[in-house]
Amino acid sequence: MLPAANIGDLFLIGTGGFIGASLRYTISSRMPKIRSIPAGTLTVNFLGSIVLSLLTFSSEPESVVYLVNIGILGSFTTFSTFAYETFKLLEDGQNVSFFLNIFLNVILCLLGVGIAYFALRL
């Protein structure tokens, strides 16, 4: 477990949060929906799963964990947006897209973790 954060750690987390949120907006705003599925959220969650796993499995120093894992990737990936967009699909009566979005997010993010895990074992 990581120790309590000091001001330097909080600065790294905040800086990373700014970078991650900016990247998420940039990617998500340029991705079209595919069959009503919010591809931007799916893309950032998939990419974030890969990068987070690569860093976690390779035991990076705490400063990298604060900046990248917690800061950048914490604001880059987004479970709350995924939940809202998925619920909106259900509310709009797009039942197939609702289930497909859940399936794709879970499977692709797990696949991303697996890719990172096995890539570091090569």
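Keep in mind that glycine also has a Cβ here, set from the backbone N, Cα and C atoms.
Pulled from Swiss-Prot:
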type     : residues     : note
TRANSMEM : 1-21         : transmembrane segment
TRANSMEM : 37-57        : transmembrane segment
TRANSMEM : 64-84        : transmembrane segment
BINDING  : GLY74, THR77 : Na(+) binding site
TRANSMEM : 98-118       : transmembrane segment
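Below 8 angstroms of C-beta separation, residues 23-24, 27-31, 64-65, 68-69, 73, 76-79, 81-82, 85, 89, 97, 100-101, 104-105, 108-113, 115-117, 119-120 of the same chain, each at least six residues beyond the ends of the transmembrane segment (37-57), sit close to that stretch. The DSSP secondary structure for THR77 (Na(+) binding site) is coil.
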